[in-house]
Amino acid sequence: MTTLDHVIATHQSEWVSFNEEPPFPAHSQGGTEEHLPGLSSSPDQSESSSGENHVVDGGSQDHSHSEQDDSSEKMGLISEAASPPGSPEQPPPDLASAISNWVQFEDDTPWASTSPPHQETAETALPLTMPCWTCPSFDSLGRCPLTSESSWTTHSEDTSSPSFGCSYTDLQLINAEEQTSGQASGADSTDNSSSLQEDEEVEMEAISWQASSPAMNGHPAPPVTSARFPSWVTFDDNEVSCPLPPVTSPLKPNTPPSASVIPDVPYNSMGSFKKRDRPKSTLMNFSKVQKLDISSLNRTPSVTEASPWRATNPFLNETLQDVQPSPINPFSAFFEEQERRSQNSSISSTTGKSQRDSLIVIYQDAISFDDSSKTQSHSDAVEKLKQLQIDDPDHFGSATLPDDDPVAWIELDAHPPGSARSQPRDGWPMMLRIPEKKNIMSSRHWGPIFVKLTDTGYLQLYYEQGLEKPFREFKLEICHEISEPRLQNYDENGRIHSLRIDRVTYKEKKKYQPKPAVAHTAEREQVIKLGTTNYDDFLSFIHAVQDRLMDLPVLSMDLSTVGLNYLEEEITVDVRDEFSGIVSKGDNQILQHHVLTRIHILSFLSGLAECRLGLNDILVKGNEIVLRQDIMPTTTTKWIKLHECRFHGCVDEDVFHNSRVILFNPLDACRFELMRFRTVFAEKTLPFTLRTATSVNGAEVEVQSWLRMSTGFSANRDPLTQVPCENVMIRYPVPSEWVKNFRRESVLGEKSLKAKVNRGASFGSTSVSGSEPVMRVTLGTAKYEHAFNSIVWRINRLPDKNSASGHPHCFFCHLELGSDREVPSRFANHVNVEFSMPTTSASKASVRSISVEDKTDVRKWVNYSAHYSYQVALGSIWLMLPTPFVHPTTLPLLFLLAMLTMFAW
């Protein structure tokens, strides 16, 4: 490796070729070795290889332990390639031919004290046969040295190895200071083992540094050059570093020194190099660095003093410190400032662009630029960023929440499922419990009647439909409540749906066991008890009574309760969602749905108290003003839209339309419906999926259902917080002709067949047709119920505690009819599903605040519940095969094949 230990500079940057092998001639353009008598290698100077092989003088003292063993082999190989034997000596060329050239020494390490140079290097040098800027060290045969010869004139292709070219006057100053800096530089040279490191990076700002810049981080700033190492050069981090030889720039051979883009080195800086960090990388990524200060390359460096280099923050703009963020577009102020600055500096930007293009030409062989940014102008990108707007995802009609937009459900909700039940009717055929009150001496039974409900709130009872005068009539009051529906024994066929209308009064009572407490208990007095075997009539009557109770006018306040003081004041809010819909048979997609939310209030407040109720209404988002103690905890962050709101008579509707706050004077010790409204279903799927298939083969009918929990439902995602479905009912409608096949005789009369877990339905006797139906379930029970005219598959809790949430459950029924004539031409093509879920909400409606005027110690409670009732389409598979040609053992296989082809989990 050629080092700077034996460098001999020429006068006015003449070309000098240095060769450390005395037996062979070398090219030179001048013999001015006497100007640098002290630039020879010292015994303490260590030598290192940077990927080039150089000849080491046989008489010089070299104590470097990295090149001592192979120096003899390098001398023999390179000397033979540098000068072939028998080449005649030629006189040196004229010195005037290279007077405008610069001698550049590619070395960023300190120069150490050197030993006397070899005089025979210049005396035996061969002249150049052909001038070449990129490869001036031609031998006598006119060929460029090979890559293995590593002449000092070989240009470098590494853009990250900075170097400086030293003039003749610079070398004289170095000779004067070499006595003081030789010791330190010789010791520090071992730290710079290579100018190419694989695990580090070269900062881009190094190109714009001046030579006179002070040390950064305790190390001197490296000089800058445009010289580049060839791509074949490899570096070993374990080698010992040594100064690099001077390298010429291959760009502009005819450019005078004054026009060069490489700044001169100050006279007082070349001899005082100190230890610096290793360069980090050979490849520079221009896309990750700051802009180059091109103007600094053409500036004449100051000899006396230089401004220190400081690292600036590229993201800090001092002119924008007082600019406040814009609520519309936070980037507008920045873009306006940038445009103003760009207009003021249009001339300087043009000059900088031309200089930047020149650098791109310099490094285009080593760096590839991405031109994709040129396809779009800067002004277009700025305009697009200016048009950015921060949208509220919960804004009415926002595209981010299509489920909240009621426009998307207008067609589906035009005739919502279950709307026929709430339509006004002339009356309902019902059953009356006679006698109305229990009596030990007599039994009670059900008697048929006809019930009417007037607009004024009167309930009229008739013996038969069509009579003019009712036998009994009573008025509905605000203290009346409807009991929970239940099933009660009716006759030998089954049970009946029953309900009560009670007069309820709440009283405050003290309890001492197990600890003193105050409770508000309800005392119920039955007014009437009605029942029916028609489930649709039963639901329609309940909805009609609920609507009439809500529309009752609020009479004057009872003065007897105004002065009543409660020991504990409390208010309870019950939020109940009622979901009804139609679900497809294949993928269980919701085709139609209707969600009705009812809010009931029960309060025990002393005196006349005005209350405010706040919901998660989208129209009040960001405008809520409530006290801290009035905020109620919620489990949802969703905002909903309220549609078709209806209020009780105690609510001030004008205040609601103006501020969307529900202001009301609650009824004292009375549970009443405060308001109701419609919303959009907040989930994508239902809690579980149900798929049902039917196979009819002559006189044999098979029905099978698969039930599985849905992972898309929000309450099923976390097994630890999963909310179960309670009182699950799956009803399969049965034609009246098939009812006899689900009954069996017993000691007390006929009973319905019942299937339980791991036990199929057993039959005590054969039916009329001589065949027996079979029912099997993997969870819950299944039996025919006359109250629903259906086979009801009941499950108390879903998912089951003893099974995984994703485990499917199955219902199977096999019915053998007397003949295929018993198969009706058409029957129900859907399955009814009904269940309840506590502590959940189908509409995601939540109470955000409850405020009571002038009261802070009121206990507040909020309860949530949801009731689901929907229909699932029944998938029918008809296999009309001749009965004599089908063996009974093949029916399960045919049914299984049909199921697999139609349903896939």
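The backbone N, Cα and C atoms fix where each Cβ goes, and this holds for glycine too.
Owing to the predicted nature of the structure, the values given are computational and were not obtained by experimental measurement.
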What range among 244-263, 424-443, 464-483, 504-523 does Swiss-Prot record as region 'Disordered'? 244-263
Which of the listed residues, Ser281, Ser295, Ser714, Ser819, has Swiss-Prot annotated as phosphoserine? Ser281
Site from Ser148, Ser296, Ser762 that Swiss-Prot describes as phosphoserine, others unannotated there: Ser762
Annotated phosphoserine residue, as Swiss-Prot has it, among Ser241, Ser302, Ser498, Ser851: Ser302
